[in-house]
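Colleague: Annotation source TrEMBL lists substrate binding site at A:Met45, A:Gly193. Under the heading ATP binding site, TrEMBL lists A:Arg120, A:Thr166.
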Amino acid sequence: MLTKLQLKLLEQVRHQNPVVLTIPNMVTPDKVADGLSAIGASPIMSTAPQEAAEMMKLADAITINLGTIHEEQANEITTILKNNQNQKPMVLDPVAIGASHYRLAFAKQLLQDHRFTVIRGNAGEIAALANVNWHSRGIDSGSGQADLHEIAKTVANKYHCIVVLTGKTDIITDGDNTFINQLSTSYFVTNVGSGDILSSVIAAYLGVSKDYYTAACTATTVFTATGVKAARESSGFGQWQVKFRDELASIKSSEVLSVL
Amino acid sequence: MLTKLQLKLLEQVRHQNPVVLTIPNMVTPDKVADGLSAIGASPIMSTAPQEAAEMMKLADAITINLGTIHEEQANEITTILKNNQNQKPMVLDPVAIGASHYRLAFAKQLLQDHRFTVIRGNAGEIAALANVNWHSRGIDSGSGQADLHEIAKTVANKYHCIVVLTGKTDIITDGDNTFINQLSTSYFVTNVGSGDILSSVIAAYLGVSKDYYTAACTATTVFTATGVKAARESSGFGQWQVKFRDELASIKSSEVLSVL
Amino acid sequence: MLTKLQLKLLEQVRHQNPVVLTIPNMVTPDKVADGLSAIGASPIMSTAPQEAAEMMKLADAITINLGTIHEEQANEITTILKNNQNQKPMVLDPVAIGASHYRLAFAKQLLQDHRFTVIRGNAGEIAALANVNWHSRGIDSGSGQADLHEIAKTVANKYHCIVVLTGKTDIITDGDNTFINQLSTSYFVTNVGSGDILSSVIAAYLGVSKDYYTAACTATTVFTATGVKAARESSGFGQWQVKFRDELASIKSSEVLSVL
């Protein structure tokens, strides 16, 4: 499994300081920004279509988060994506699209009009893109009978992108190759926005490496290893949040390896 | 006093995992979402009227927070409330309505058009609904001469709902019965959004019990006991915030009892 | 240097509890609100032009933060500033104006139409107001060759205001006098929103003292001393955030002096 990872990207993000433009939801932008900053990336967020072109020029990678999408923000996203002539890598985080036809329709429209590098979502969200029945409950992943590996592959092939399906087990696939990550802690579930942060962290890694599949696998592994290490060092939800931020800023490749 | 409480609701929220739809202010949504998640509820937030019907179907309870209300959000709230045909329990948090005629007018309109289960506010906010003069200072509770018990009762009777008037002493009344909660810590005042979190936590309890009055009394007692326990275990504002989140996720009925 | 400081303002803010109206960005409002609350000020935020007049009446000082400015918010800010007949002290935080012509144009319009008491920004942001070439990277300060003292003075004279140019070294000038603050910790850079918090903290100090220049110097010194003290007591980014909040709420003048 380790052959798929390039742990040197961990230091490369800290060294290159990639600018990640995130179009955030209104709930967790601070966590996302601090998470990016902690790993050594430079976060920027924007809500004005008027600056879309400049923001795109500035950015090394882009994350679109649909967590509290509304009409105005949808217009802004459309404007921003039109300005991505240089084909900078883009991550889509289709938050809770299993719970809202409005969100689902917008996500599908985005995926039809633009080529995303990565879609990062939980089982319910990726299942919705595969048109598979799934019992979703808002932002939770929900439960269902279908084979998640197949669902992830279907979506990857449908939209010619990498799918990062996160949960107790993370499934990462480009349609051909599949990488399984078993690192997990229940604190990720309790902490609202864990997925939002990961989506933007993946974008940071895409911003420093052209091998997008390996970058996505590595970002997810480093991120979850950081969470697991933090869980070992803390004894409560609040403490874990603190330790997780400590570790995002300081974890070394060798420590990631020792968690694996 | 204890006869009014059903501490088993603490475990019931963790077990049933109620979905709480919060229409949040823009300042503290992350704290509210993490607070709900910590107690075992499932938070969801939305800013699009297009998904109002689905969000209402999904939700076990709803909180409307007026902390940064503006025209667009007011329209969204109106749409959402129209979709509450199943009469799911609703909490109104009328933040700072004593400081803004715009907010006060909107709150009164909402209360006229819809039946809320609970209004949760500080002295200044509840006084404004009772048309009582009160020296409010923004989001602070301010000070005044009137009898807070009478004010709370007046508002409960006027709007046929439960009033949770929070402060150093919490007064909870359905107009007939009154419950007094003396648990308090000054960290609740320093921590911006303590009231916002409580309003959504009350909604979570309403989502798992039909005895709304007891649920509101219990939610408030458990919440404040958690804050007091956290205060005993920490020696600073930041540390308290961490401990408070630890305890929200882990506190037991027996520990609540030992704080009382 | 110490002759410029009035450390008694630290206690005066706690005692007078000034109301600071902040028009925030969407990323860090919670940090700003908690920061203000921790130092003893009373934060309020608003997104509705309808309440602008009342909010201005209530406020002891105002901060305008352009971090995620968009058209609607720009209209709101214009309405709010029109209501500042009493000439309450105002701080402008021109976040990332070096990265967006839209933001820069709006900031310049604001500065032309209104008299701000303080502009607080990093090197890239202040350089943009001085029309000096600077290599900005989003919210980062970037790098350039020009003399920062001269840039700060130029902007102070151009807009008849106090400039607080923050970075590893903080330069505070009213055009005639210049104050240098060398207190610094790299945690301020990692922590997204450090500048946002400082801008509103300066506003709180302006709210309790008519000697605005001394108040700005003192607020900046106390704020950075607090960060440095927190850094000495913590060993990671997350821990620092916690300690920083602890210290904002509790630091004494004597402790500030011992850090200097």
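Cβ atoms are placed via backbone N, Cα and C, with glycine included.
Where in this structure would I find these features, and how exposed are they?
Modeller: In the structure as shown, the Cβ atom of A:Gly193 (substrate binding site) sits within 10 Å of 26 other Cβ atoms.
In the three-state DSSP assignment, the secondary structure recorded for A:Thr166 (ATP binding site) is strand. Taking Cβ-Cβ distances under 8 Å and a sequence gap of 6 or more within the same chain, the neighbours of A:Thr166 (ATP binding site) are A:Arg120, A:Gly121, A:Asn122, A:Gly195, A:Leu198, A:Thr220.
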Colleague: Within 10 Å of its Cβ, which one of these binding-site residues (A:Met45, A:Arg120) has the largest number of other Cβ atoms?
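Modeller: Buried the deepest by this measure is A:Arg120.
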Colleague: Take the binding-site residues A:Met45, A:Arg120, A:Thr166, A:Gly193 and keep those with a Cβ under 8 Å from any chain B Cβ; what remains?
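Modeller: So the ones by chain B are A:Gly193.
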Colleague: Provide the list of binding-site residues among A:Met45, A:Arg120, A:Thr166, A:Gly193 whose C-beta sits under 8 Å from chain C at the C-beta level, in sequence order; use 'none' for an empty result.
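Modeller: Near chain C - Cβ to Cβ under 8 Å - we find A:Met45.
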